[in-house]
Amino acid sequence: MCAAEVDRHVSQRYLIKRRLGKGAYGIVWKAMDRRTGEVVAIKKIFDAFRDQTDAQRTFREIMLLREFGGHPNIIRLLDVIPAKNDRDIYLVFESMDTDLNAVIQKGRLLEDIHKRCIFYQLLRATKFIHSGRVIHRDQKPANVLLDAACRVKLCDFGLARSLSDFPEGPGGQALTEYVATRWYRAPEVLLSSRWYTPGVDMWSLGCILGEMLRGQPLFPGTSTFHQLELILETIPLPSMEELQGLGSDYSALILQNLGSRPRQTLDALLPPDTPPEALDLLKRLLAFAPDKRLSAEQALQHPYVQRFHCPDREWTRGSDVRLPVHEGDQLSAPEYRNRLYQMILERRRNSRSPREEDLGVVASRAELRASQRQSLKPGVLPQVLAETPARKRGPKPQNGHGHDPEHVEVRRQSSDPLYQLPPPGSGERPPGATGEPPSAPSGVKTHVRAVAPSLTSQAAAQAANQPLIRSDPARGGGPRAVGARRVPSRLPREAPEPRPGRRMFGISVSQGAQGAARAALGGYSQAYGTVCRSALGRLPLLPGPRA
């Protein structure tokens, strides 16, 4: 690792272990928090505010992760650290072992139970997002992270949009641009429909399910026209009413040219041993008309994931998500950066631990306590990820029907970062932001303090905070870590780490599934790289924090 790649104030806080991947727009490292011993993934985004598009995407992703990060199937953003050059930015995430794209590419590593388990967790995350009237718009295997216990974390919210900020039309909300990966785009997106609904995510989930069942993408189109061609050769042709409902100006002309081509059935694309309930769910998700696709809540009740279904653990938000800056307000890149840095400085002054009451989810305290006591059943560990010790078998929770299926349960972890993102629904926003603030739970006060918006003053404040310690006059003037619990100053003893014999991680390996969209839009990938099977077996288990 080149020392110049990591700013000094970042390396003082996190011990960089190794680089997981590098692309044109960023680097991802595996690291360890020097204070807590927690293993994390640090993503450095190059020129995160190079233009209005990238600045808005960075701002949007951080704000949405703030809203959704309390869900067990959505990646947790632990820390946001501005770079010294005032252009790059560091995002610190919880560490995951691999992504679904890498696992599928290895071939025959997932048993039927693993596929059901993974898809159930994806549906659970999607239901939570949609309950806040947000659509992800970029669900694909590379954005589905996995760990050794087969736990799923949905990531990369840079293209997500809040439907609350857009006018509603006859078929949904009006969105102006869409640049997600082509292979997972819904027909209404390919046909430039003027109205989008949560159905675009359900189509993407259908494509992900089909790819897990088939072992390769269902519709690997090389162009928009070819993508439509592959889709309409497989699913039932739409009716005239369904075409008119899309609100597309030229959908009828395109479909007229494609409707006479030879056809094939969806089950012909899948292996002969595909479970009948999997095929049925796939057909219900890959319906041409968005309003005829299953919703996430309906799909959770489908027989394919019935053994995991437990309504008390399938959370919903109590209110819509509204970003601090209205989606319709186009700020300049420096304005997005200033707003974000103001919020970082404000959070550092008011660092506090998140409370369960602030999560903005409909879940009882008893269910939350039960979720902390249980973990994923060890019988569903995929062989490719079996690098951690097996967990003890816990009691199986009962569902509302009285029988005892296997359930997915993810233990919530705690962390004390210097910059603790506020809990969802805290209602806080930067000074001067337009639009409505997020709805706050009853009894939760919002705090908005004025911060000088100039970059000079912010840089000075940042430089003063770079050592990540401050003096505490009340405790005798000694240094203390802001927002962190006190732990012994001695670092956890590191286990010897074997040097890899070959290149283990590479962003380019999964480029086929990502398509050329990333290069075209000038964005960045949040994939954590591709992991080979032998490399996973050599990954050392880092010790946790000492008592």
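Cβ atoms here come from the backbone N, Cα and C positions, even for glycine.
Summarising the annotation, Swiss-Prot assigns active site, proton acceptor to Asp138. The ATP binding site annotation in Swiss-Prot covers Leu20, Gly21, Lys22, Gly23, Ala24, Tyr25, Gly26, Ile27, Val28, Lys43. Marked as compositional bias 'Basic and acidic residues' by Swiss-Prot: 401-414, 491-500. Swiss-Prot lists 481-490 with the feature compositional bias 'Low complexity'. Per Swiss-Prot, the feature phosphothreonine maps to Thr176; the stated evidence is experimental evidence. According to Swiss-Prot, the phosphotyrosine annotation covers Tyr178. What Swiss-Prot records for 370-503 is region 'Disordered'.
The structure, with features from Swiss-Prot marked on it.
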residue	record	DSSP (3 states)
Leu20	ATP binding site	strand
Gly26	ATP binding site	strand
Asp138	active site, proton acceptor	coil
Distance check, please: Cα of Val28 (ATP binding site) against Cα of Asp138 (active site, proton acceptor), rounded to an integer number of angstrom.
20
Near the Cβ of Asp138 (active site, proton acceptor), how many other Cβ atoms are there if near means within 10 Å?
27
How many Å separate the Cα atoms of Asp138 (active site, proton acceptor) and Ala24 (ATP binding site)?
20
Fewest other C-beta atoms within 10 angstroms of its own C-beta: which of the binding-site residues Leu20, Ala24, Val28 fits that?
Ala24
Using a 10 angstroms cut-off on Cβ to Cβ distances, just flag whichever of Lys22, Gly26 is the loneliest among these binding-site residues.
Lys22
Can you tell me how spread out the ATP site is, meaning the largest CA to CA distance among Leu20, Gly21, Lys22, Gly23, Ala24, Tyr25, Gly26, Ile27, Val28, Lys43, in Å?
14
